[in-house]
């Protein structure tokens, strides 16, 4: 009995330190479970404000520097300040100098109303015919420029021609800023915007025709379209508050209206955008929406059926609206040209055959792709587009099979194809690229968005996380850290020289 009691005492004594150890471990768990004090809201707000402020400052600075660069380059190319008035107008190459002549007519008119009347009842442009030059030639930029020149009192400070080209260069700065903001919104970092601007300037031969002729309609219109795309990108983002959504919507509406006024071919580009949004609406339909069609009141069911009918008949509706508001004769030459271009019709019309000989209406040359490849733009664009397209197809396949998708997608999920703005830009760039492969003139619309999309992909951690998820890579940082060092070691040419050892061995 005594031995048994002794053994029990020993067991109890052995258990005591365990209980003390358990207490210590429990204390450690409590210490570990205690939440680390998070950053204060003021610090988070300050960090976010600083990030937005630096990004906006970089965007505005990039636009201003590009506008100043264009002004300095134009001065050095043509010695513009040392030329007379007629020689300056000659620098507006091609038929675009006609637009500037209407600007001069507006300034010479005794009043603004009289100048507008002469342009709307113009009998000098076409022989033996009176036309509305404002409507047929899209002279709204010249009207706005003349009003601003006279209303701001700039006639006492600057010459009319410098004011005219200054507005165009300023719009090009806005163009670059809008591309900066679009890439920034998509990637989440303003470094993508800086890379977009760098690629835009490096490939300026293929991104803009501002160096060829300043008064071209596209130089006035495309900056507004870029602002519209930036506003649309922000509007499509999921994590957007009400005020930002309203601002994006108002900016998108205003820029779209201005874009339609500035360019007579704007409706073709807007049609491609409408097709992209229509396909986005089809691809982003969730499975839950299909299951909830049978739920709700009778009025709700009717509205859902009407909504489904309107979405499915959107192309037919657009066709009817275009035929109602746009006369067929105005688009007849465009339709005939497309028929001849794609080999659907043969014609002996001199105008059509002359258009087919124009360089801007030919297929892109090999030099175009070579220039984009030398600047490393095309390889990165193909890589980014391939990853985004495969991710979008993966999401569509999941939704067709009825798999449930996460409501909140994090960075570690690697699902960049679930973001609506990414789906829109993928569809839009594919449509523009397909047309640019047929008509070289459309490269000036497509290439800027190639710069934007490639820069977004290079600087987006979500895109690379998607790729690493596919490749099942988890530890990539050591490879990225030591690979440049290994390459430098291989490129170094070293030599071995030890005369003492050689002498000892011999």
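We count from 1, first residue shown onward.
Using N, Cα and C of the backbone, Cβ positions are placed for all residues, glycine too.
Summarising the annotation, TrEMBL assigns compositional bias 'Basic and acidic residues' to 18-32.
As annotated by TrEMBL, region 'Disordered' applies to 1-34.
Annotation source TrEMBL lists transmembrane segment at 52-73 (among others).
Taken from TrEMBL, the feature transmembrane segment applies to 161-178 (among others).
The transmembrane segment annotation in TrEMBL covers 269-285 (among others).
Per TrEMBL, transmembrane segment is recorded for 306-326 (among others).
Under 8 Å from some Cβ of the transmembrane segment (378-397) lie the Cβ atoms of residues 283, 369, 372, 405, 415-418, 422-423, 425-426, 429-430, 450, 453-454, 456-458, 463, 466-467, all in the same chain and six or more residues away from its ends. Annotation source TrEMBL lists transmembrane segment at 378-397 (among others).
According to TrEMBL, the transmembrane segment annotation covers 422-439 (among others). Residues 186, 232-233, 236, 272-273, 275-277, 279-280, 283-284, 341, 360-364, 385, 388-389, 391-392, 416, 445-447, 449-450, 453 of the same chain sit 6 or more residues outside the transmembrane segment (422-439) yet have a Cβ under 8 Å from a Cβ within it.
Long-range contacts of the transmembrane segment (445-464) within the same chain, counting only residues at least 6 positions beyond its ends with a Cβ under 8 Å from a Cβ of the stretch, are 175, 179, 182-183, 186-189, 191-193, 195-196, 199-200, 203, 206-208, 218, 222, 226, 229, 269, 372, 377-378, 380-381, 383-385, 387-388, 411, 414, 416, 425, 428-429, 432-433, 435-436. For 445-464 (among others), the entry in TrEMBL reads transmembrane segment.
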- Item | Any contact, the transmembrane segment (161-178) to the transmembrane segment (269-285), with at least 3 Cβ pairs under 8 A | no
